[in-house]
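S.K.: For reference, TrEMBL lists these features for the protein:
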| type | residues | note |
| --- | --- | --- |
| REGION | 53-90 | region 'Disordered' |
| COMPBIAS | 64-76 | compositional bias 'Basic and acidic residues' |
| TRANSMEM | 97-118 | transmembrane segment |
| TRANSMEM | 138-157 | transmembrane segment |
| TRANSMEM | 164-183 | transmembrane segment |
| TRANSMEM | 189-218 | transmembrane segment |
| TRANSMEM | 225-244 | transmembrane segment |
| TRANSMEM | 256-276 | transmembrane segment |
| DOMAIN | 302-497 | domain 'Major facilitator superfamily (MFS) profile' |
| TRANSMEM | 303-325 | transmembrane segment |
| TRANSMEM | 337-356 | transmembrane segment |
| TRANSMEM | 368-386 | transmembrane segment |
| TRANSMEM | 392-415 | transmembrane segment |
| TRANSMEM | 427-445 | transmembrane segment |
| TRANSMEM | 457-479 | transmembrane segment |
Amino acid sequence: MSPRPSSTASQNNGIRSVVLSHSSSSECYDDLPNDLLKKSLGTFDEKVVVTEHKPVVSSENDDGAERLDPGVKSVDDVDDIVPPNNDSEPPDGGLQAWLVVVGAMCSTFSTFGYVNAWGVFQEYYQQNVLLHSSPSDIAWIGSIQYALVFLPGLPMGRLFDLGYFRSILIPASVLLIIATFLIPECKEYWQFLLCQGFATGLACGTFFGPVTAILAMWFKKRRGLALGLFATGSSIGGTVIPIVVKSLIPKVGFSWAVRIVAFILFVGLAAANLTLKRRVPPAPNSEGVFNLQMFKKFTSPAFTIYCISTFFVYLGFYTLLTYISVTATSIGVSESFSFYLVSIANASGGLGRIGAGLFADKFGAMNALIPFTALTGVMTCIWPFMGSTGGLVVVTVIYGYSSGSYGSLVSVPVIETGEPGDLGRRIGLLMTFLASGGLLGPPISGLIFRSRGIEAMGIYAGCMIILGVVIMCIPRFLVLSARRRRGMLTGWILSKV
């Protein structure tokens with residue numbers, strides 16, 4: 001079979017055919033609107049053939065044979081596969097599109113950035129407010145935050161697909177501001193767990209999936225850059241908020257320091273609610289919010305394996321950010337400087353998010369995710385063995401840059417391989433795996449820290465990240481194998497994926 005591009009259109013005897021090749025962030029569909037991309041991450045050998053009289057949807061088996069897709073029953077189904085309008089192509093720029101990016105940055109500054117500042121709160125609680133609680137117990141507050149940033153992704157994504165957006169973002173904004181104002185009133189462990197763990201995490205999690213889907217509606221060829229800028233908001237928040245808390249506590253006390261943070265979050269959330277806007281109307285759907293159809297994506301091996309890889313990555317992903325301030329003092333770093341290590345990691349992560357976005361637009365998201373995430377795992381392994389302030393800062397900077405790349409691109413492979421009407425559901429399924437890893441990771445690390453020491457904790461967390469990278473290579477292999485079966489000249493190393 002001779003090599004051919006991923007999409008071809010021919011006109012023979014009144015018959016028009018469109019052939020689709022699915023791959024993550026690849027040249028296979030650079031010239032096709034996202035609405036043509038029907039299946040999710042694993043169905044990379046999908047072909048859609050549309051005729052004037054009868055729609056045929058077929059996909060190649062491993063032996064090269066074709067089969068009729070049972071989902072297409074009549075000519076009426078053609079509109080669900082190839083939308084007739086020509087307005088489906090994302091603009092990839094313009095005033096409104098970049099205002100959406102600004103709003104997305106404001107949202108992630110106020111949500112994920114706030115959550116990323118948890119390391120400073122962990123240290124303060126261990127040394128002041130929650131002296132009788134173990135580091136592992138306190139870490140559960142941060143873990144619940146991290147998990148709930150992702151865990152609501154499936155129901156929130158489904159609601160987004162059904163057309164709900166501002167009606168869920170505005171209540172979430174109110175909840176986050178109220179929860180932050182209540183933190184200074186907390187005295188007991190369970191009160192911190194409720195306000196800063198559950199309420200804060202749930203409010204932040206309501207934003208993440210729908211805002212990611214909104215950006216995918218406005219950007220395609222520059223999607224990596226847009227998502228990188230979106231994720232940079234969390235780096236800015238994770239840099240600014242710890243510095244604000246650190247500098248204000250000696251001047252106005254912990255209570256007023258947190259209240260000032262709440263006012264900052266109010267400004268960011270107000271800007272986000274004013275500028276975020278969906279571009280594509282919701283697709284007509286009568287399936288409801290919860291049904292078994294939302295799990296049909298797991299019939300795709302590549303999609304399922306990719307989601308599993310994110311679970312293992314997140315088992316170790318937040319360990320360094322959670323414990324670096326606490327453990328830095330054990331190697332002689334001054335307490336005043338240890339506060340700033342979280343800010344250094346987040347500032348470096350901002351550069352990594354933008355750099356990775358540009359890299360992914362040119363070379364492919366998976367090609368950026370795999371090496372940068374592997375570097376994150378290595379830095380997590382060697383971090384506890386740094387015996388000087390200078391070495392610890394170097395590791396923190398490298399970790400921040402590489403981990404920022406993963407944070408900005410993790411959703412790109414599932415965004416770019418499906419129809420826009422299903423964005424929220426696909427992102428939500430991915431977020432569920434992220435949430436599970438984010439919930440279990442820091443407490444497990446805390447138990448290892450208490451029983452085996454900081455070195456064992458770092459090695460465990462780093463190895464979990466590296467294991468996730470190894471698993472992540474499998475869907476990349478499946479993508480390239482599907483292309484080669486179609487006769488495309490595809491290399492195993494240099495191909496854009």
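Every residue, even glycine, has its Cβ placed from backbone N, Cα and C.
Predicted, not measured: the structure shown is a model, and the values here were computed from it.
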S.K.: Would you kindly check 256-276, 368-386, 457-479 and say which stretch has the most C-beta pairs under 8 angstroms to the transmembrane segment (164-183)?
M.R.: 256-276
S.K.: If you count every Cβ pair below 8 Å, which range out of 138-157, 225-244, 256-276, 457-479 shares the most with the transmembrane segment (303-325)?
M.R.: 457-479
S.K.: Same-chain Cβ contacts of the transmembrane segment (225-244) under 8 Å, 6 or more residues past its ends?
M.R.: 101, 104-117, 119-120, 211-212, 215, 218-219, 257, 260-261, 264, 268, 339-340, 342-343, 345-350, 353-358, 360-361, 400, 404, 407-409, 411-412
S.K.: What stretch in 138-157, 189-218, 256-276 has the biggest tally of Cβ pairs under 8 Å against the transmembrane segment (97-118)?
M.R.: 256-276
S.K.: Can you name the far-off residues of the same chain, 6+ from the ends of the transmembrane segment (138-157), with a Cβ under 8 Å from a Cβ of it?
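M.R.: Residues packing against the transmembrane segment (138-157) from afar: 111-112, 115, 118-119, 121-122, 125-126, 130, 168, 189, 192-193, 196-198, 200-202, 204-206, 208-210, 213, 289-290, 294, 314, 318, 322-323, 423-432, 434-436, 438-443, 445-446.
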